[in-house]
Amino acid sequence: MRPDTPHPAAQLRPGLDIDLPITGEGSPGFKRSKAMSQAFTQLEKTALLVSVFLVSFAFALDKVIRVPSLNPLATSAFNTHYQLATINTLVAVTGTAFQPVVVKIMDVFGRLELVFLSVILYSIGTIIEATSNSVPVYCFGSIIYNLGCLVIFYVAEAIVSDISSPRSQAFFAKIPALPLLATSWLSGTVGPLMVETLDWRWSIGILAAAFAAAATPLMVVLLFAQCRVKKQNTTNHYRSPLQLLGFEKLSAALLWQLDIVGMIILMVTFSLILMPFTLAKEDPDQHYSLQTMFPPTIGVCLIAGFFLWETYTNHPTVPFKLLKHRSVWAGMGIALTYNIAFACQTEYLWTVLRVSFDQTVTSANRITTIYTFAYVITVMSVSVMAYYVKRLKPLIVTGACLYFGAFALMVVFRNGDQPHALTGVISAQVLFGIASGMFTYPIIASIQGAATHAQVIGMWLAVSRLGTGIGYSLAGALWVNLLPKYLNMRVTDDLVALVLNSPFEVMEMLGKADPIRLAILAAYNDMQWVIYVAGLFTCVPLIILPFLLWKV
């Protein structure tokens, strides 16, 4: 929309102050939050940091147990394990769309209200998941749960940023990520204990209850501190967006300034493009039927609509003018490709470890989360190194090469029966974590030379989630279309359906030397080769793009 064109909402309802900035550092909500946090005592700030650590710990433990292990168990219990990719794809796509919105509302609403909102979304999503009896219902619950995760993730970072000085912020900003160092290993102990003692439904419910309990101290400290500050009249001259605009005007401002319409278009676009390919078809000819091809066709057409909307709206979430800068589009390209590649190999990794490598729940949990441990350690090391090293591009190039090497290891050691196969897979996951850690900090620093911090973080994380969704969709499409063919070459049709729908239950009934089990492992071996080679080819741009980054 051109600057001299009246806003559509203003034409419909004259007098609405929809152009009053409600997001960004100049917004009234941001100024009010900053003023309130500066009035906190040192004891209150310490209590807030401890509370943030507790809620981050509960959140991290839930994530490393629920996503890699409980989701596969749930889909297997529904006899639709192959639809795991459908769930993860939709969750990633909705996260892509709503992530910029969540980032912006940090400046609109108070920290206490947002923590409470995250607990509500978290709990509702979990209840839907735990009581669901089908994949669509479980997927809906996962989407709501993921929105709660997004809110608490950004609220924790915002609280740490509010109460820390510029000099100490680099240190305290690591607090929300620190629990991942412990939960990566705890998942291998807590997860199996919950699954064996209870079932996946009760396990999900207990994790959500633990998160709500961990969030309570944070809400209590925020409530106490804010009440004390208000009594002292320290921040009474700062008015919130709701006080300034009222409910009706604030709703209109939120609709346009958060770019809700653009995000809905984005979500629908990539859902239509990616989801159909993750759904299994009984008849191979259905892959080219109108029912299958129509949604992606509409989705591709909507891409043009999204570009038009973002070009002419007053408050675009994706400022295309930034993409003219070489460092921005090269950095976004790296974020997209490395997340596509990683999501492609990690989608069915837990299943492969349980089936092909005959690993226990404990071992599978730890192997799938060791990436996170290596990633956090590397990111912290690189952020410290950045203070002493002028050129970070060699780190990025080295990370790209390590990423490629990790995929090569996954291709070579894909067969669980070959010697040292498990060692190869573990080494690959560690390399994935180290390589990813080498990308994150230097690339964000490079992009910041062309855009503001908020724009950089929002775009980086949105593109990363989009890449994750594409990777899940790619892995799901390969899995549901090729694995049945590989199984049909070796076992009966009835067994093919059982292995696709409930692989864990089938493998428990077979002995290690059973010919049927060996046939299933051979089919899995062929399937893994295709997925890992696809990821390997996705890594090729990853080696080229770092050389296009400017002044890194």
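Note that Cβ sites are derived from N, Cα and C of the backbone, with glycine treated the same way.
Please treat TrEMBL annotations as automatic predictions, because they have not gone through curation.
Here TrEMBL flags 1-21 as region 'Disordered'.
What TrEMBL lists as transmembrane segment is 43-61 (among others). Residues of the same chain lying 6 or more positions beyond the ends of the transmembrane segment (43-61) and with a Cβ under 8 Å from any Cβ of it are 115, 149, 152-153, 156, 159-160, 163, 172, 175-180, 182-183, 186-187, 190, 207, 210-211, 213-215, 217-218, 221-222, 224-225, 228.
According to TrEMBL, the domain 'Major facilitator superfamily (MFS) profile' annotation covers 48-552.
Here the transmembrane segment (81-102) has long-range neighbours at 67, 71-72, 75, 135, 138-139, 142-143, 146-147, 150-151, 154, 258-260, 263-264, 266-267, 270-271, 274-275, 278-280, 317, 343, 347-348, 351, 458-459, 461-462, 465-466, 468-469, 472-473, 475-477, 479-480, 483, 500-503, meaning same-chain residues at least 6 beyond its ends whose C-beta is under 8 angstroms from one of its own. According to TrEMBL, the transmembrane segment annotation covers 81-102 (among others).
Under the heading transmembrane segment, TrEMBL lists 143-163 (among others).
Per TrEMBL, transmembrane segment is recorded for 175-194 (among others). For the transmembrane segment (175-194), same-chain residues at least 6 beyond its ends with a Cβ under 8 Å from one of its own Cβ atoms are 49, 52-53, 56-57, 59-61, 63-65, 68-70, 153, 156-157, 160, 202-203, 206-207, 360-363, 365-366, 369-370, 372-373, 376-377, 379-380.
Feature annotation from TrEMBL assigns transmembrane segment to 200-225 (among others).
Under the heading transmembrane segment, TrEMBL lists 254-276 (among others). Within its own chain, the transmembrane segment (254-276) is flanked in space by residues 7, 9, 18, 21-23, 86, 89-90, 93-94, 96-98, 100-101, 104-105, 108, 292-293, 295-296, 298-300, 302-303, 305-306, 309-310, 313-318, 466, 469-470, 472-473, which lie at least six positions past its ends and keep a Cβ under 8 Å from the stretch.
Summarising the annotation, TrEMBL assigns transmembrane segment to 288-309 (among others).
Note on the transmembrane segment (329-350): residues 68-69, 72, 84-85, 88, 92, 323, 364-365, 367-368, 371, 396, 400, 403, 407, 410, 432, 435-436, 439, 443-444, 446-447, 459-460, 463-472, 474-476, 479, 531-532, 534-536, 538-539, 541-542, 545-546, 548-549 of its chain, located 6 or more positions outside it, place their CB under 8 angstroms from a CB of the stretch. Under the heading transmembrane segment, TrEMBL lists 329-350 (among others).
When Cβ-Cβ distances below 8 Å are used as the criterion, the transmembrane segment (395-413) is approached by residues 334, 338, 341, 345, 382, 385, 389, 420-425, 427-429, 431-432, 434-439, 442-443, 528-529, 532-533, 535-536, 539, 542-543, 545-547, 549, 552 of the same chain, each at least six residues removed from its ends. Sequence annotations record features per position, and here TrEMBL assigns transmembrane segment to 395-413 (among others).
Residues annotated as transmembrane segment in TrEMBL: 425-444 (among others).
Residues or ranges marked as transmembrane segment in TrEMBL: 456-480 (among others).
Residues or ranges marked as transmembrane segment by TrEMBL: 529-550 (among others).
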Open item on the list: Within the same chain, where does the transmembrane segment (425-444) have neighbours whose Cβ lies under 8 angstroms from its own Cβ atoms, ignoring anything closer than 6 residues to its ends? I mean 6 or more beyond.
Closed with: 331, 334-335, 338, 342, 353, 357, 367-368, 370-379, 381-383, 386, 392-393, 395-396, 398-400, 402-403, 405-407, 409-410, 413, 456-457, 460, 549, 552
Task: Local confidence of the domain 'Major facilitator superfamily (MFS) profile' (48-552) - pLDDT mean - done: 88
Task: For the transmembrane segment (529-550), sequence-distant contacts whose Cβ falls under 8 Å of one of its Cβ atoms, 6 or more beyond its ends - done: 325-327, 330-331, 333-334, 337-338, 340-342, 344-345, 347-348, 393, 396-397, 400-401, 403-404, 407-408, 410-411, 414, 443, 446, 449, 471, 474-475, 478-479, 482
Open item on the list: Which sequence-distant residues neighbour the transmembrane segment (143-163)? Criterion: at least 6 residues beyond either end, Cβ under 8 Å.
Closed with: 33-34, 37, 40, 45, 48-49, 52, 55-56, 59, 63, 90-91, 94-95, 98-99, 102-103, 106, 111, 114-115, 117-126, 128-129, 169, 172-173, 175-176, 215, 218
- [ ] Six or more residues out from either end of the transmembrane segment (200-225), which same-chain residues have a Cβ under 8 Å from its Cβ atoms?
- [x] 40-41, 44, 47-48, 50-52, 54-55, 57-59, 61-62, 65-66, 70, 73-74, 77, 111-112, 115-116, 118-119, 122-123, 126-127, 129-131, 152, 159, 191, 194
Task: Chain residues outside the transmembrane segment (288-309) and at least six past its termini with a C-beta under 8 angstroms from it - done: 261-262, 265-266, 268-273, 275-277, 281, 320
